[in-house]
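Visitor: Pasting in a structure now, in C-alpha cells, and then I'll have a few things to ask.
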Amino acid sequence: MPIARGEGTWLYDVDGKRYLDAVSSWWVNLFGHNNPKIKDAIKQQLDTLEHVILAGFTHEPVVELSERLSKLTGLGHCFYASDGASATEIALKMSFHYWRNVGKAGKTKFISLQNSYHGETLGALSVTDVAIFKDTYAPLLIQSTQMPSPDWRLSEAGESAEAYALRCAAELEVYISEHHAELAALIVEPLIQCAAGMGMYHAIYLQRAREICTKYEVHLIADEIAVGFGRTGTMFAMEQAEVLPDFMCLSKGITGGYLPLSVTLTTDLIYQAFYDDSIARGFLHSHSYTGNPLACSAALATLDIFEQEQVLQSNRLKAQYLNTQLGKFVDLPIKHMRHRGMVWAFDTDYAPEKQVLFRQHFYTQALQSGLLLRPIGNTVYWMPPYTISEEEIDYMLTHTQAALQNFV
Ligand SMILES: *Cc1c(COP(=O)(O)O)cnc(C)c1O
C-alpha cells in the first residue's frame with residue numbers, strides 16, 4: 001500500500017484515498033501525522049547540529065531529554081539506542097554485567113512472561129515468547145524461562161483479574177525462590193502484553209513482582225516500549241502499580257512517531273557498579289547514532305506537547321466518549337471487550353474455519369472502507385493517535401462494526 005502523505009489521524013495513498021490510522025503506524029504515532037510542533041522542533045535542530053559522537057561528547061538535546069525522562073520516571077540514568085529491541089538488549093546486558101561487577105557472577109539467566117514480546121534481535125527474541133517469530137531461530141537463542149502470564153483472558157471462569165494476577169504472582173514467587181541464585185532479571189511488559197493481542201492485566205501483579213524481585217535480588221525490567229508515554233492512561237504504566245523497576249525500556253512513542261530513538265533507564269545503584277577506572281567493569285555497548293540530536297529534539301517536542309496540552313486529561317475524556325459508543329458492539333461474534341487508557345481490544349469468536357477466513361478478509365475489508373486496522377490473530381484492537389477527534393472515533397467504530405457485519 002503506497003502512502004503518499006499523512007495529516008493528523010489520516011494517511012493518504014498515491015490516489016488520494018484516505019485511511020484512518022487506528023494503529024498509530026504500529027503504536028509509534030502519538031500526536032498525528034504532520035504534527036507542526038514536532039516538525040518545527042526537528043527543523044530547528046537541523047539548522048543547529050544534526051549529529052555528533054556521544055562518547056566523550058554530549059549536546060544540549062540529549063542532556064535535557066535525560067533530565068526530563070529522569071524526572072518523569074524516577075530513574076536517574078539514561079542509555080540511548082535507536083530501536084526498541086536494542087533497548088531490551090541493553091537492559092539484559094546491563095543486568096547480567098551488574099551481577100558480575102558486584103561479585104554475583106552466577107546470576108546469568110532471564111525470565112519473562114508467557115506470550116511476551118520484547119523485540120526480535122537475538123537477545124530480545126530470547127525473552128520473547130511468540131512461536132512464529134522465535135521457532136526458526138531457536139538454535140541461536142539464549143535459554144530463558146517463561147512465567148504464567150497474568151493476562152486476564154487466561155483466567156478461570158469467574159476469577160477476577162486481581163485474583164488471577166495474584167495467583168500468577170504466587171507461581172512467580174515459587175519459581176524465583178527456587179532459582180534466584182542463577183537469575184539476573186525478570187522482564188515484563190507492564191499492564192498490557194500488546195503483541196500477544198493486547199493482553200491486559202491487573203496492576204497488583206507488578207506490585208507483587210517488585211516485592212518478589214527485591215526479596216530475592218532479581219532485577220525487574222519494565223519494557224514500556226509500547227505502553228509508555230500515556231498509552232495506559234498514566235505517563236508510564238508502572239505508575240499504576242506505584243513501584244519502580246530497576247530498568248525501564250522506552251521507544252516507539254518517545255519521538256511522537258517521527259524518528260527512531262530508544263532509551264534504557266536505570267537506577268543510581270546500578271550505574272555506580274559500572275563507574276570505575278577498570279575498563280572491564282564499564283558497560284562497553286555502543287551504537288553509532290546513540291543519542292541522535294534530531295531524534296532527541298523530536299522527543300523533547302513530544303514531552304512539551306504532553307505538558308502544554310494536558311494530554312493525559314484530554315485522553316480520559318476521549319476514552320470516556322469512546323466507551324459510551326461501545327453499545328453498538330452487540331449481537332456480534334466477539335468476546336473479551338477490554339480497555340485501558342488509549343487501547344481497546346476484543347477477540348472474535350468464530351468457528352475455526354471461519355476464523356481463518358476472518359484473518360484473510362477482515363483487514364482488507366476494513367482497509368477498503370478507509371480504516372487501517374491490523375488484527376493480531378483473533379484480536380481486533382484500536383490504538384489511535386491521541387489527537388483523534390470524536391467524529392474520527394465514530395468513523396473508526398462504525399467502519400469496524402461494518403467490517404465485522406459484512407463478515408458475519
Ligand atoms: C515494539 C516492541 C519492542 C521492539 O521495538 P522495535 O523498535 O520494533 O525493535 C519491544 N518491546 C515491546 C513491548 C514492543 O512493543
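Placed from the backbone N, Cα and C atoms, the Cβ positions cover glycine too.
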Visitor: Suppose a student reads TrEMBL and sees Tyr117, Lys252, Ser286, Arg374 listed for substrate. Which of Trp26, Trp152 should they find annotated at that same site?
Guide: Trp26
Visitor: Can you tell which of Asp15, Asp151, Asp223 TrEMBL lists as binding pyridoxal 5'-phosphate with Gly84, Ala85, His287, Ser288?
Guide: Asp223
Visitor: Same-chain residues six or more away whose CB lies under 8 A from the CB of His287 (pyridoxal 5'-phosphate binding site)?
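Guide: Counting only residues 6 or more apart in sequence, the Cβ neighbours of His287 (pyridoxal 5'-phosphate binding site) under 8 Å are Tyr80, Ala81, Ser82, Ser86.
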Visitor: Ligand 1 is in the model; which of the binding-site residues Trp26, Ser286, His287, Ser288, Arg374 have a C-beta less than 6 angstroms from one of its atoms?
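Guide: Listed by sequence, the hits amount to none.
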Visitor: Sequence gap of 6 or more, C-beta under 8 Å: which same-chain residues meet both conditions with respect to Tyr117 (substrate binding site)?
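Guide: Tyr117 (substrate binding site) has long-range Cβ partners Thr128, Asp129, Val130, Phe133, Glu189, Gln193, Cys194, Ala195, Ala196.
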Visitor: Among residues Trp26, Tyr117, Lys252, Ser286, Arg374 annotated as binding substrate, what is the maximum Cα-Cα distance? Answer in Å.
Guide: 34
